[in-house]
Amino acid sequence: MNAAFDVRDIVVRYGRRTAVDGVSLSAAPGTIVALLGPNGAGKSTLLRAVSTAVPPDEGRIEVFGHDVARDPVAARARIGVVFQERTLDPDLSVWRNLWFHARLFGLSRPRARARIDEVLERFGLADRREDTVAQLSGGLARRLEIARALVHRPGLVVLDEPTTGLDPDARRDVWADLRRLRDEHRVSVLYATHYLGEAELADHIAIIHNGVVVRRGSPAELKSGLAASALRLSTEDDASAARQLSSAGFDARVSVEGVSVRCARPESHVAEVVRAVSVAVREVAVVAPSLDDVYFATTEGSST
Amino acid sequence: MSGTAIADVGRALGVVAARDLHRQARHPGVLVAQGVQVLFFLLVYAIGFDGMIGSVDGLPFSAYVYPGIVAIQVVTLGVSSGLTYAFDREYGMLREMLVAPVPRLCLPLGKVVATAVLAGGQAAVMLAFAPLLGLPLSLVGYLGGVLAFAVVCVVFGLAGVLLATLVPQVQTLQSVVQMAMYPLLFLSGSVFRPDAGPGWLSAVMRINPMTYATDAIRHLLIPGHGAFPLWLDLVVLAGLTAVLATVLRWKVGR
């Protein structure tokens, strides 16, 4: 089966500035992929390239097997896009915005009507169908944009910072919608965010910095692979314990919280570490790094 | 291009045009303002100057100038398609359209079609008053006139949207359009004959494409009163259309 998207070594330049510099990334259908990175990292440019809005200067992008450079129209038919900024027509009604999208995406009139009813119902917008977009709250307008991106039933939904400016309730709703899409319809989701908590909702995260993917993996893989993970011991004599651990080859340090032993996959080293000390051990704790630790370690490390 | 692809392009043009017309219908004030503007031109040029100038080539001045006044209105509308394109780009709606599974050229062209429909409608109303100004029209002449004005609107609509793709800022575009409109509209034979002024003015008018549009329409509505041969008018307009469409296609991509 074709990948939902398959990005191969793409480079995108704006004049002399290289926004995306040799990125490769792909995802199977039914996967949620997060692009995480600071502002200006190249996330939005990468999303624009995948959604065919910007042609890459080098490399190749396929969406469900359609090369976006050679057959952009076929690729676009499989993609639903939610842009970072509002792209709704504020003067037109909720229904009219959806109608315009559905017809532009090739749905016949009867099918467009049916699909619009369906997404309005699903996204809780049915009673607002005649309101103009200008009358909607920010959260509802965002839901409408997501609903609109789904009217033509794309296999891949691309979202650029979908929850920026939304309150916590609206954010939660957006994520519930996206997960439901993945679970019920095997829709793939590719989104950019700089909210670490939101990246954690993905199946796969790519951390982008200076136009390059500097780290990738599932949230769990990223966390466990980080050297910031550690075992923390509370002993009767922390200084002796640290010396014994160091001579056994561990990276051990004494801190106010006890002895900290930095290692990857700390949960698999508990027995070894306890055996290496002769003083009484009161408590052993696995200190898993948060995604914040992963993010800062990655972006700070790669910017030097 | 296959039959299905042509049907898809036609549908996309229709959808983009329908959206613009729908928006226009929600703002009837704009149409009213345009109507008042035409009325003003009629009062000043056709009726006001009529008594002073008398006749041109044996025609009442009002009859001679009337096709030019309609052309001013239609060309203004056409060039304004560029502004609607730029506003859609400014407010984000164009982004949504750019990721739709239709050839990109359909987006500016759909806007041009919408303004051509409006221009045809306005021309239909304005030409209905032509007999009152000494310009009687047969049914064929009337319908041909409406169609010709819609076509002229398409040509200048292409120029408007192309300009919008070349000038990224809306404010700059508005200034450029404002600056270009007066010479475009008034040095075009719309209100005086291209060969009536001094040589330098005639030369300037000959490089203004609207001169040929006005002249072609005058050929159609007042046979025998064109300043240039009709074939020359048509060749210039067809050439201009081809160049504008080609550059536009290149600018907007696939």
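Every residue, even glycine, has its Cβ placed from backbone N, Cα and C.
Taken from TrEMBL, the feature transmembrane segment applies to B:29-49 (among others). Non-local neighbours of the transmembrane segment (B:29-49) in the same chain are 61-62, 65-66, 69-70, 72-73, 77, 118, 122, 126, 129, 133, 191; each lies 6+ residues outside the stretch with a CB under 8 Å from one of its CB atoms.
Taken from TrEMBL, the feature domain 'ABC transmembrane type-2' applies to B:29-252.
Per TrEMBL, transmembrane segment is recorded for B:61-87 (among others).
The transmembrane segment annotation in TrEMBL covers B:108-133 (among others).
As annotated by TrEMBL, transmembrane segment applies to B:139-164 (among others).
Positions annotated as transmembrane segment by TrEMBL: B:176-192 (among others). Distant neighbours of the transmembrane segment (B:176-192): 45, 65, 68-69, 71-72, 75-76, 79-80, 82-83, 160, 163, 167, 201, 204-205, 208, 210-211, 213-215, 218, 227; these residues of the same chain sit at least 6 beyond its ends, with a Cβ under 8 Å from one of its Cβ atoms.
Remote same-chain partners of the transmembrane segment (B:228-248), defined as residues 6 or more beyond its termini with a Cβ less than 8 Å from a stretch Cβ, comprise 105, 108, 152, 154-155, 158-159, 161-162, 165, 194, 209, 212-213, 215-216, 219. The transmembrane segment annotation in TrEMBL covers B:228-248 (among others).
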Would you mind listing the long-range same-chain contacts of the transmembrane segment (B:139-164), meaning Cβ under 8 Å and 6+ residues beyond its ends? 67, 70-71, 74-75, 77-83, 85-86, 89, 108-109, 111-113, 115-120, 123-124, 127-128, 130, 173, 176-177, 209-210, 213, 216-217, 220-221, 237, 240-241, 244-245, 247-248, 251
Outside the transmembrane segment (B:108-133), at least 6 residues beyond either end, the same-chain residues with a Cβ under 8 Å of its Cβ set are 12-21, 24, 31, 34-35, 38, 42, 46-47, 60, 62-63, 66, 69-70, 73-74, 77-78, 80-81, 84-85, 88, 142, 145-147, 149-154, 157-158, 160-162, 164-165, 221, 248, 252
